[in-house]
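S.K.: According to Swiss-Prot, the feature divalent metal cation binding site maps to ASP98, HIS295, ASN331. Look at Swiss-Prot and you will find 89-362 tagged as domain 'Pyruvate carboxyltransferase', backed by sequence analysis. Residues or ranges marked as region 'Disordered' by Swiss-Prot: 59-81. According to Swiss-Prot, the transit peptide annotation covers 1-57.
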Amino acid sequence: MASSLLRNPNLYSSTTITTTSFLPTFSSKPTPISSSFRFQPSHHRSISLRSQTLRLSCSISDPSPLPPHTPRRPRPEYIPNRISDPNYVRVFDTTLRDGEQSPGATLTSKEKLDIARQLAKLGVDIIEAGFPAASKDDFEAVKTIAETVGNTVDENGYVPVICGLSRCNKKDIERAWDAVKYAKRPRIHTFIATSDIHLEYKLKKTKAEVIEIARSMVRFARSLGCEDVEFSPEDAGRSEREYLYEILGEVIKAGATTLNIPDTVGITLPSEFGQLITDLKANTPGIENVVISTHCQNDLGLSTANTLSGAHAGARQMEVTINGIGERAGNASLEEVVMAIKCRGDHVLGGLFTGIDTRHIVMTSKMVEEYTGMQTQPHKAIVGANAFAHESGIHQDGMLKHKGTYEIICPEEIGLERSNDAGIVLGKLSGRHALKDRLTELGYQLDDEQLSTIFWRFKTVAEQKKRVTDADIIALVSDEVFQPEAVWKLLDIQITCGTLGLSTATVKLADADGKEHVACSIGTGPVDSAYKAVDLIVKEPATLLEYSMNAVTEGIDAIATTRVLIRGSNKYSSTNAITGEEVQRTFSGTGAGMDIVVSSVKAYVGALNKMMDFKENSATKIPSQKNRVAA
């Protein structure tokens with residue numbers, strides 16, 4: 001049911017504004033919908049185009065016309081337990097596993113597959129596709145990724161390793177192997193805690209018992225036929241050094257090929273973490289026969305620094321996530337770590353390099369942001385909206401004289417195209433061809449149905465705004481392209497509200513079979529009444545946890561983007577990979593439009609669709625190889 005978050009009349013001003021908007025339908029013509037509601041313009045802007053700010057004209061670039069990406073040095077042949085080039089650092093992306101543990105970041109199986117394909121374009125060495133034992137849905141998603149992305153070899157022979165996480169028990173390990181074994185390069189990643197606090201309070205086991213479990217489970221994983229086994233001593237940052245030397249030496253003898261050293265609670269400083277890697281290299285028997293990895297949490301904001309410190313000390317695999325998402329404060333950010341190595345690898349890191357095609361960073365970041373509903377903060381390094389903005393007069397003067405004065409990364413390196421036309425004006429007279437050309441320049445390749453829907457929405461916005469900028473277009477495309485598979489589609493909505501009585505909403509939805517359903521409801525505000533009407537149709541209990549709205553551009557005619565976070569009933573649950581507890585899933589939804597009520601309802605319906613797509617007992621269908629968005 002709709003939350004009391006939306007029943008506060010103070011959310012809206014006393015001014016009543018009547019607008020007309022058009023909802024995208026699946027016919028050839030738009031459907032007019034009128035609504036009357038109170039609107040308080042937001043003071044928050046996700047993309048600012050202030051005239052006093054010098055902003056580099058950047059747009060998302062489509063790297064597909066460019067020649068094939070060639071790393072600074074060739075990617076070494078993949079061998080599980082060693083790397084032939086001592087300066088090559090493997091990139092292990094765990095967005096689909098650890099990143100999805102972020103509250104509200106639940107992904108559908110199709111979204112996971114889309115992201116995995118994009119990660120392969122990015123060139124990550126290992127994709128940790130999930131925790132197969134967590135749920136039927138997670139198992140099927142990992143299996144599908146192994147069958148598809150894990151078997152797609154490019155012209156250079158590159159194919160990512162597909163990894164599944166498991167706890168140190170036979171059931172988890174068998175489940176992980178059953179999911180990843182279809183990949184050309186499958187990996188099992190198993191872990192058990194080693195710090196005193198975890199041994200005493202969580203595991204309730206002695207050090208000797210944990211060593212025996214770790215040794216036997218690594219041996220069991222190898223016995224299944226898996227030649228690539230990664231082992232992690234959970235909470236290594238707080239574990240006794242001598243104990244780490246012992247347990248890691250035992251799992252090496254049992255057949256581990258990669259040893260991952262996690263700073264699970266993000267407590268270490270860069271100097272400490274680098275010294276930990278140095279000590280492990282010097283004192284662990286047989287460590288020269290495996291690859292050392294790092295996994296740094298961001299609880300103290302040091303995950304990127306710790307990861308780089310670990311690499312400098314000799315670790316040759318980095319576990320990271322797109323946009324740094326993850327449990328609690330998140331993980332080391334792929335884009336930050338990779339660009340730091342690209343910028344400084346030769347100068348201060350002894351020549352370290354990766355095989356990442358950095359031109360795909362922005363598109364990958366955008367896809368993860370839209371699918372998870374987790375907005376990237378404007379000042380986020382590398383991919384934030386302000387990453388290439390200069391407002392200070394001194395900085396502006398320097399930038400105009402020479403870009404290198406205040407810019408250490410060229411926007412083109414990460415998939416942004418520097419152009420005087422970012423913010424190009426399209427208007428109501430612009431045609432379908434002009435819109436399609438601009439979408440291509442922004443990095444989007446849409447099919448005819450998607451283009452038709454976007455075009456009608458674009459025309460609607462253009463009728464009400466003098467200028468339609470890239471920010472507007474990106475918001476519209478994201479609202480169409482990055483939506484979950486539709487169980488319910490919003491067709492029409494009519495709102496009556498004001499100061500003279502309760503708000504009333506009439507909502508029309510279409511189900512998966514195309515059957516139309518209509519419901520009316522009253523509430524203490526326009527959004528509250530609309531959400532209640534949706535609940536009457538869907539009949540799926542849901543609690544609204546968060547509701548937020550941002551204006552894409554400035555002005556009263558700005559497009560609004562809405563994000564909601566909901567929680568369903570107990571049947572939408574899975575197993576937490578770290579604690580082993582059953583946790584209720586949360587689901588996010590986003591919507592965009594000039595009508596804030598319409599965008600709010602679209603976000604709510606999107607979250608419900610994502611929740612209802614999360615089915616414990618349904619097999620994952622493998623979609624077409626064609627991506628909805630080509631980067």
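Just so it is clear, glycine is given a Cβ too, placed from its N, Cα and C backbone atoms.
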S.K.: Beyond the listed site residues ASP98, HIS295, ASN331, identify every same-chain residue whose Cβ lies within 8 Å of the center of their Cβ atoms for the divalent metal cation site.
M.R.: THR94, GLY99, PRO262, CYS296, GLN297, GLU319, VAL320, THR321, GLY326, ALA332
S.K.: Should ASP98 (divalent metal cation binding site) be counted as helix, strand, or coil on the basis of DSSP?
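M.R.: Note: ASP98 (divalent metal cation binding site) is coil by DSSP, not helix or strand.
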S.K.: My understanding is the cutoff is Cβ-Cβ under 8 Å with a sequence separation of 6 or more in the same chain; which residues meet that for HIS295 (divalent metal cation binding site)?
M.R.: THR94, SER232, ASN260, ILE261, PRO262, ASP263, THR264, GLU319, ASN331, ALA332
S.K.: Which whole-number mean pLDDT does the model give the domain 'Pyruvate carboxyltransferase' (89-362)?
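M.R.: Here the mean pLDDT over the domain 'Pyruvate carboxyltransferase' (89-362) amounts to 96.
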S.K.: Just how many other Cβ atoms lie inside 10 Å of the Cβ on ASP98 (divalent metal cation binding site)?
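M.R.: Total other Cβ atoms inside 10 Å, all chains included: 25.
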S.K.: Let me check the 10 A CB neighbour count of ASN331 (divalent metal cation binding site). How many other CB atoms are there?
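M.R.: For ASN331 (divalent metal cation binding site), the count of other Cβ atoms within 10 Å is 30.
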